Amino acid sequence: MKTCSKERLEDKIVTFSKFGDTGKGGITRFSLSPAALEAREEFCKRCKALGMTIKTDDMANIYATLKGEEGLPAIMSGSHMDSVKQGGNYDGILGVLTALEVAETIVTEKIPHRHPITVVVWTNEEGARFEPAMMSSGVITGKFDKDKMLASKDKEGTTFKEALEASGYLGEEANRMKPEENMALVELHIEQGPVLEAEKKDIGVVEGVCGMINYEFTFIGQADHAGTTPMKYRKDALYAATKTIQYLHDELDKLDSKLVYTTGKISAHPNIHTIIPDEVKFTLDARHQDPEVIKQVLAIIKAIPEVIEKCEVSYEEAWSRKTVAYYPEYVDFVEKSAQEYGYSAMRMYSGPGHDAQFIADVIPTTMIFVPSVKGHSHCEKEFTPVEACLKGANVLLQTLLKIDQK
Ligand SMILES: [Zn+2]
């Protein structure tokens with residue numbers, strides 16, 4: 001069986017780690033920043049050297065295409081090249097570099113393929129400079145309003161539109177990927193969690209993306225003097241909030257063990273050590289692949305009393321996402337490809353969101369995960385050994401070739 005080149009893949013990872021290098025093992029490569037533009041330039045240079053043709057669309061998504069033997073729709077693979085602040089050298093970029101390595105393997109080994117192979121780079125996946133995340137895949141799949149996205153501003157007040165126009169990568173809307181011209185997307189990504197490593201598996205066969213809900217809770221009490229107000233007269237919003245957090249943990253722990261939930265944001269007003277807090281807010285993020293479990297989470301939220309410790313309790317949904325199922329036939333192709341190489345694999349759902357989940361609404365899509373050492377991600381410690389990346393690249397190569405035979 002054909003395999004990708006470890007040396008070439010390593011060279012790609014090392015080369016791209018220089019664009020936005022923090023000097024501490026990671027990168028800061030915000031979307032359309034000078035570092036991101038350097039990475040784009042290097043990417044396009046390498047694609048052209050392989051004889052690929054390059055197009056960009058009106059969101060500066062890049063499509064680099066290797067011609068197929070027949071005039072058929074293209075098979076796409078890729079991910080994003082932007083990062084969070086002080087992020088790692090694998091999130092997103094590995095999906096681009098493995099797709100590029102697969103294209104290079106196809107060219108150098110002269111592997112026949114009927115369909116064009118397109119390596120795709122999605123603009124602004126992280127949303128770290130311009131909110132929201134997955135902006136450009138969201139616009140081209142109709143999830144986000146384009147004009148609103150163009151008006152999104154970074155901290156310096158630059159709009160996304162201005163950054164797009166200055167980038168040199170602004171293309172035609174007609175160049176957007178579309179179902180008539182694209183038959184598949186396979187995105188390779190690091191797992192960004194500890195499961196594959198703990199289970200000693202080489203490959204994550206991603207079946208879909210977990211549904212999630214995000215609720216914000218508000219507790220209204222009374223701000224009074226911390227020294228003069230006897231305990232029995234207090235309306236302490238923070239105390240009421242902590243009781244609720246405890247209740248949520250106790251009850252949610254009774255549900256399926258794959259449920260993950262987090263209170264990651266909390267605020268107390270007026271946040272002064274001599275004043276009883278009168279307004280406290282916190283968030284609850286909960287994720288599970290089964291919509292029934294998410295319904296059970298909602299039932300637990302709805303059982304919260306309207307008054308706790310004499311404080312008024314309210315809550316609202318900040319946002320939510322339905323479970324996304326990937327294309328079963330392509331999911332099977334990933335699993336079979338791993339077996340053919342003798343790699344260990346397990347089926348799993350993605351907790352984080354990825355561009356692929358938006359594209360999945362329009363085009364048959366799936367994903368491949370490779371392990372993240374100790375589960376670290378969105379930090380400089382993010383790491384996947386090149387041997388593990390290579391296994392992912394090989395599975396990607398075989399999966400694309402299986403799709404090509406359809
Ligand atoms: Zn990513």
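Counting begins at 1 with the first residue displayed.
Placement of Cβ uses the backbone N, Cα and C atoms for every residue, glycine included.
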Annotated companion of ASP91, HIS378 at the Zn(2+) 2 site, TrEMBL, chosen from GLU126, GLU131, GLU340: GLU126
Densest Cβ neighbourhood among ASP91, GLU126 (binding-site residues), 10 Å radius: ASP91
Number of other Cβ atoms within 10 Å of the Cβ of HIS189 (Zn(2+) 1 binding site) across all protein chains: 27
Which of HIS80, HIS378, all binding-site residues, has a Cβ with the fewest other Cβ atoms inside 10 Å: HIS378
Integer mean pLDDT for the domain 'Peptidase M20 dimerisation' (210-304): 97
Minimum Cα separation from HIS378 (Zn(2+) 2 binding site), reported as the residue among binding-site residues HIS80, ASP91, HIS189 that achieves it: ASP91
Other residues, Cβ within 8 Å of ASP91, GLU126, HIS378 Cβ centroid (Zn(2+) 2 site): SER83, VAL84, GLY87, GLY88, GLY92, GLU125, ALA128, GLN192, SER377
